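Report on one structure; see the data block that follows.
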Amino acid sequence: MINFIWLFFLIVGIAYAGINGRVETVTQSAISGAETAVTLAFKLLGVMCLWLGIMKIAEKAGLIRIFAWILGPIIRLLFPGVPKGHPALGAIVMTVSANMLGLGNAATPFGIKAMQQLQELNPSRETATPAMCTLLALCTTGFTLVPATLIALRSAAGSVSPAEIVGVTVLTSLVATATALTADFLFRLVTGRRRG
Amino acid sequence: MVSWLQDISVWIIPATIFLIVLAGFLRRVPVYEAFVEGAAEGFHTTIRLLPFLVAMMVAINVFRFSGALDECIAVISPLLSRFGIPPELTPLAIMRSLSGSGSLGMVSELFNTYGPDSQVGRIASTILASTDTTFYVLTIYFGSVGIRNPRYSVLVGLTGDLAGFLAAIYICKTVFA
């Protein structure tokens, strides 16, 4: 799937530029894309170190286990393949909470940590498990209660009431997340593998 | 409304760090060493996902700046407007899944043209805030653990994006009628 999409983007992009006599844009945009990726990774590097450092303290203090224990039963409904009390549950809880509070910066490191812990339960190294797909469904729809960045953007654009979209955003997020989780559940049933 | 939201966003990170560090100290965790250990893991993980990120950004950039993306939008737009979807929002719907900075730029442009408090401005705000950039999240999360076969999760992410887009339009039209 991802192979096909990647190939599609490149082949169609290059062919389209070539047909329209703008083949030089391919070179530029490929190089600028590679540079953007490094810039993004560099920005991520700082927050990754910061939050995974803080999270290591939380882990060693036993906080993650407490988190997993309190909210685990709800999270476990979504992740039936993850054993009770597994540290991945704690990381998933932290990812979802950070997303809900609109802390995109912290949500990404937590989510990656959760992925790494789910990877430990993965029988094959390179294929995603159903639990990983569910986590991704939760994160791509990014359920948010406090869209702080957007409120700032709206006030900067001169909005009279920048926060008026908070209510509709929460509702929309809920619909998107519920749909993604339903789709994930159906795919999981169809593909049949319930393990992991 | 705005003031308490801002209070929350100002306090949440300092409070989280304060509580975790304090709890670590009380539980006799060597806090500094633990932090450095975690940070080192973060460093290695980020370096490991860089090739995945380069692959994805290059392909998306080529597709976007070659004009192929605009062509797709031009084809899809009239189809969607038949279902009551405003044509000025179609580009955003497609960009949202592909590029975070691209869709942020589009929303700023819509704010400039229509104003943030117009119906288009509100819907655009809601679309931007209620979903994340599927391809970015997918690349980062799976890249960090070396997963090369994401199975059906691309479809799941895009289904969520589509649902968010349609819900944003419907809910905004109902609430801000």
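Using the three backbone atoms N, Cα and C, a Cβ is placed for every residue, glycine included.
Sequence annotations record features per position, and here TrEMBL assigns domain 'Nucleoside transporter/FeoB GTPase Gate' to A:41-148. Residues annotated as transmembrane segment in TrEMBL: A:33-54, A:66-82, A:88-112, A:133-153, A:165-187.
By number of Cβ pairs under 8 Å, the transmembrane segment (A:133-153) is matched best by A:165-187 from the list A:33-54, A:88-112, A:165-187. Across the residues of the domain 'Nucleoside transporter/FeoB GTPase Gate' (A:41-148), the predicted structure has a mean pLDDT of 86.
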